[in-house]
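Undergrad: The structure under discussion is supplied below as C-alpha cells; questions concerning it will follow.
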Amino acid sequence: MKAAVLHEFGQSLQIEEVDIPTPGAGEIVVKMQASGVCHTDLHAVEGDWPVKPSPPFIPGHEGVGLITAVGEGVTHVKEGDRVGVAWLYSACGHCTHCLGGWETLCESQQNSGYSVNGSFAEYVLANANYVGIIPESVDSIEIAPVLCAGVTVYKGLKMTDTKPGDWVVISGIGGLGHMAVQYAIAMGLNVAAVDIDDDKLAFAKKLGAKVTVNAKNTDPAEYLQKEIGGAHGALVTAVSAKAFDQALSMLRRGGTLVCNGLPPGDFPVSIFDTVLNGITIRGSIVGTRLDLQESLDMAAAGKVKATVTAEPLENINDIFERMRQGKIEGRIVIDYTM
C-alpha cells in the first residue's frame, strides 16, 4: 500500500510502498477514503513536543474509511462498515481515569499517527473499540476533520461549563476555531470571536458569531468587558501564548478559560485576580469516545460543517509547508481517490 512515512524529524515525508497491516485480536483494518491534516501531525513530524514519536512512523489521526478485515473477538463492527480513526487509538481501560470516563487522560494510552501508525496511508490498523461510527448521511471528506478538530473544540466547549444563553469567546478562528463557532451556536451559546485576521472574523460573523474583535488593533478584553460584561467562558484554539493571556481578561467573574491550542511557551496568571474573580483555568485534550460520537452526530445533523479542501497524499509535504506559514484556510483533507 502507499503511505507517507517520516524517517527523521524535520525532514520531508517519503511516499513509499509498505505492507498492508494484518489485524490481531480486537483490531480492524480500515481502507482509507479520507484523512484530515491536523497541526498535531506537523508537531509529530517536527518532533517538537516534549513527548516524541519514534521514527519511522506514519502520521495522521483524522481517518475515515471502510473496514476490510476484522480480527478475533471483534463483534460490534464488521467488514464494510464506515468508521473513523481518531487520535485516541486505545487506552488501558482499568486505571482511575479510564474507569471514570476520562480515557483521554490515561497514562498508558496510544495515539494514532504518533505512538502507532496513522491514517496517512491507504490502509490503517485500528483498535475496534476506539473507532467512531460514521453516520450514513455524511460525506467522508467533510466529516474527517470532526475526528480531531471537531471533537477537540466540542469537548473544550463542554469544559467551559457554559449553558444556553451564556457568552463564550472563541479565540483563534482557524481550523479548530471555525468549527468551535458552529458547535457553540449549536449548543445555544452566544459567540464572541477573536482573531487578528479580518477575513477570519468576517467568516466567524457569517457562521453566526454575534460579536467579533480584531485583537491586532483593539484590546479584546476591554472591548468585551464593555460590550457584553465579559464572557462566561473562553475557548482558546490559537497557537499564540498571548491569546491565552488575553483570554483571561475577557472573562467575567466566575468565568472559565479552556485551553485547546498548544503553542510553545507560557502565559502569566495573576494569582490575585484569579482568586478574587473566581476564575477557572482548564486544559482540554481531544475528547472521549462519547464526545467523539456526539460531535459526529451533531455534524451529521447539519449543525456543523468544516470548511475543507481536498488534496492527494502526494501533496503532504507542501501542505505542511503551508501550515507552517499559516496559509491554510479551514482544513485540508487527503482524498484517497485522487
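All residue numbers here begin at 1 and follow the chain in the order shown.
Just so you know, glycine gets a Cβ as well, placed from its N, Cα and C.
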Undergrad: Please identify which of C106, C148 is recorded by Swiss-Prot as part of the Zn(2+) 1 site containing C38, H61, E62.
TA: C148
Undergrad: Looking only at C38, C92, C98, C148, the binding-site residues on record, which one has the least crowded Cβ, with the fewest other Cβ atoms within 10 Å?
TA: C92
Undergrad: Within 10 Å of the Cβ of C95 (Zn(2+) 2 binding site), how many other Cβ atoms can you find? Include all protein chains, please.
TA: 16
Undergrad: Cα distance, C98 (Zn(2+) 2 binding site) to C148 (Zn(2+) 1 binding site), nearest Å?
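TA: The Cα atom of C148 (Zn(2+) 1 binding site) is 19 Å away from the Cα atom of C98 (Zn(2+) 2 binding site).
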Undergrad: Beyond the listed site residues C38, H61, E62, C148, identify every same-chain residue whose Cβ lies within 8 Å of the center of their Cβ atoms for the Zn(2+) 1 site.
TA: S35, G36, V37, T40, D41, G60, A86, W87, S112, G113, S119, A144, P145, L147, A149
